[in-house]
């Protein structure tokens with residue numbers, strides 16, 4: 001007999017699942033908005049520093065932090081996929097299982113895509129001087 | 001609750017009579033103006049969008065006639081400016097999106113096993129606003145006051161001092177007006193798909209067309225506010241002397257471009273995405289198998305919808321922003337080709353592994369793949385900043401986006417017309433005529449637009465009303481014009497085919513193609529209530545699935561018949577578990593009155609009749625109040641029934 005999880009556990013599980021599905025997308029959105037606006041506004045103001053920090057370092061943070069968040073999201077999606085695979089092989093008959101498994105597959109591939117975009121942005125930070133036009 | 005014996009399984013005649021009584025609308029002028037039936041509204045969207053398409057297409061033919069030879073005098077520069085602007089604006093805003101919303105309106109409730117959209121009156125309101133906004137914009141053309149600044153209407157040329165007259169006021173107000181329709185339609189699709197799916201249709205069983213429509217709706221909701229803000233500021237600049245886009249007054253010219261393309265690039269996918277959904281819907285019927293890689297296609301739909309919001313600056317690679325800024329958008333523009341590619345390979349694999357039935361809808365799908373891939377190829381070239389800067393504002397760009405938009409939207413739309421014509425009209429089309437239409441369309445498309453790549457690379461700029469001879473552009477332009485006439489003939493054949501089907505086509509069975517989605521289990525054309533019994537879905541291909549079919553016959557239960565009242569079933573968002581039956585609204589004049597009052601408001605603002613505009617606002621507020629006035633709901637629906 002399986003024990004039904006309590007409401008808090010279910011809420012946490014649901015939130016974790018959605019982090020696994022959409023975490024990479026949100027991380028990329030933060031990356032592109034932060035990196036682009038830092039570069040654009042600092043350069044338009046004629047400065048290569050943001051609050052005393054060199055612009056390239058600030059841009060590095062706008063790449064690294066979202067990249068780590070996307071990586072975490074990828075790991076969560078992979079974990080969900082692995083658990084649903086295990087539950088399926090154990091013969092669990094739960095209609096939500098197929099749905100969770102599909103969302104996990106979508107999450108894995110989506111996070112890989114968003115991580116790739118963030119990494120490419122990071123390469124550009126290493127290659128280009130921030131204000132070169 | 002039903003008083004019949006249907007609980008024991010099956011539906012009886014009493015139930016059917018009650019369903020007809022609650023859902024049928026009489027054939028009268030009043031019913032025509034008050035209908036809230038999603039199928040009628042969907043058909044109206046299709047016909048009205050088709051009408052605006054004809055106007056925009058005729059504009060293109062006149063322009064191509066002007067460009068057929070150097071220094072022709074068919075059009076003056078001013079007329080040409082208005083025609084190319086109305087052509088682009090109408091094709092994007094008044095044809096592509098509303099046409100695909102028309103398919104969505106007709107099909108989404110049928111595909112998910114519902115009896116209507118979530119907000120039927122909002123649906124009717126959206127249609128009337130679309131119709132009025134389209135007429136508002138096209139009516140300016142005979143007065144010589146049509147928009148004349150290109151469909152993306154760049155600042156500072158859109159400002160009053162550079163572009164006097166009503167032209168750009170019509171553009172700003174027309175698109176603001178239309179935006180009300182598009183936004184309300186999008187919200188309706190999202191709620192419908194989340195709350196009205198048949199029980200058992202969990203997220204992993206949702207048809208790909210519905211995924212595509214919902215993704216499109218989300219894109220609309222997030223993208224359109226940027227365009228609305230842009231147009232509101234443009235109107236304020238022009239009419240009331242603000243300086244949002246005037247550097248002399250502290251404004252910024254590039255603000256227009258940023259806001260426009262924050263909307264504009266997702267809009268490319270807003271146009272193409274439902275088309276891709278149509279392809280995924282058509283393929284199973286003509287390959288006799290499900291689309292390969294369902295989760296990956298869902299991934300592609302979701303990923304494209306999100307990444308499309310991070311590529312807008314590739315339209316601005318020639319504006320002098322820092323190279324590093326470009327790189328962030330260049331990266332997204334490059335990666336977005338991966339999910340698009342996933343879909344293409346999934347469709348190719350489906351055709352490879354399936355048993356092909358070469359009917360006209362499949363021909364258009366194959367034509368789509370060829371054309372869209374070519375358009376996507378030149379699109380990937382634009383992701384590279386140095387190449388983009390070389391061809392910006394040349395005919396190469398015109399060739400590219402016509403390959404993408406005709407390939408990604410018009411081929412699927414035509415596939416969809418032929419595929420769902422039996423369901424929409426209850427009549428079969430003439431296959432021979434349809435094949436002629438396909439081949440002429442395919443050849444006409446490539447003859448028209450392929451030479452534009454070359455004349456663009458030879459240096460011909462876009463949006464010129466004429467050109468001098470001997471620059472190497474003459475032959476290419478002439479070939480393009482011949483192709484345009486071929487395209488016109490093919491589309492005329494399509495129209496003849498549709499009219500022929502409606503008047504003389506043989507009656508269509510419920511499922512002429514052996515399709516896999518739920519609309520094929522409804523009658524052709526569907527009953528006003530769509531399904532006598534709301535099905536219980538057991539697989540991704542419910543029409544091919546015996547258990548789902550059984551749920552509407554011997555397995556029918558009272559909670560899915562719902563014949564006492566005009567009702568449909570609400571289910572949970574993720575797993576479509578039954579929640580409760582909901583009463584759906586009756587036909588009403590309010591949507592039409594509200595849309596009419598808004599039309600008066602926008603015309604008054606255009607012509608600076610401000611007292612009338614204030615009266616229109618009061619009418620809008622009063623109609624909204626009457627619309628939203630709480631009505632007495634049954635206790636059962638309020639959740640207080642014992």
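Here the Cβ of each residue, glycine as well, is placed from N, Cα and C on the backbone.
Under the heading domain 'Cytochrome oxidase subunit I profile', TrEMBL lists B:32-538. Across the domain 'Cytochrome oxidase subunit I profile' (B:32-538), mean pLDDT in this model comes to 95.
If one looks beyond the transmembrane segment (B:45-63) by at least 6 residues along the same chain, the residues whose Cβ comes under 8 Å of a Cβ in the stretch are 74-75, 80, 83-84, 86-87, 90-91, 94-95, 98-99, 101-103, 105-106, 127, 130-131, 134, 138, 424, 484-485, 487-488, 491. Positions annotated as transmembrane segment by TrEMBL: B:45-63 (among others).
Feature annotation from TrEMBL assigns transmembrane segment to B:83-112 (among others).
Among the features that TrEMBL reports, transmembrane segment is placed at B:170-194 (among others). For the transmembrane segment (B:170-194), the residues of the chain that approach it from at least six positions outside its boundaries are 85, 89, 93-94, 97-98, 101, 104-105, 108-109, 112, 114, 117-119, 122-123, 125-127, 129-130, 132-134, 136-137, 140, 145-147, 149, 153, 158, 206, 210, 213-214, 216-218, 220-221, 224, 227-228, 231-232, 234-235, 238, 573, 598-599, 602, 605-606, judged by C-beta separation under 8 angstroms.
What TrEMBL lists as transmembrane segment is B:206-227 (among others).
Taken from TrEMBL, the feature transmembrane segment covers B:268-286 (among others).
According to TrEMBL, the transmembrane segment annotation covers B:293-314 (among others).
The transmembrane segment annotation in TrEMBL covers B:326-350 (among others). Long-range contacts of the transmembrane segment (B:326-350) within its own chain (CB-CB distance under 8 A, at least 6 residues past either end) are made by residues 276, 279-280, 283-284, 287, 289-293, 296-297, 299-301, 303-304, 307-308, 310-314, 317, 365, 369, 372-373, 376, 379-380, 382-385.
Under the heading transmembrane segment, TrEMBL lists B:362-384 (among others).
What TrEMBL records for B:396-421 (among others) is transmembrane segment.
Within the same chain, residues 64, 360, 363-364, 367, 371, 378, 391, 394-400, 402-403, 406-407, 414, 418, 471-473, 475-477, 479-480, 482-491, 493-494, 496-497, 500 sit at least 6 positions outside the transmembrane segment (B:433-458) and bring their C-beta atoms closer than 8 Å to a C-beta of that stretch. Look at TrEMBL and you will find B:433-458 (among others) tagged as transmembrane segment.
The annotation transmembrane segment is assigned in TrEMBL to B:478-499 (among others). Residues 57, 60-61, 64-65, 67-69, 414, 417, 421, 429-430, 433-434, 436-441, 443-449, 451-452, 455 of the same chain lie 6 or more positions beyond the ends of the transmembrane segment (B:478-499) yet place their CB under 8 Å from a CB of it.
Per TrEMBL, transmembrane segment is recorded for B:612-629 (among others). Tertiary neighbourhood of the transmembrane segment (B:612-629): same-chain residues 121, 588, 590, 593-594, 597-598, 600-601, 604-605, selected by CB-CB distance under 8 Å and a gap of 6+ residues from either end.
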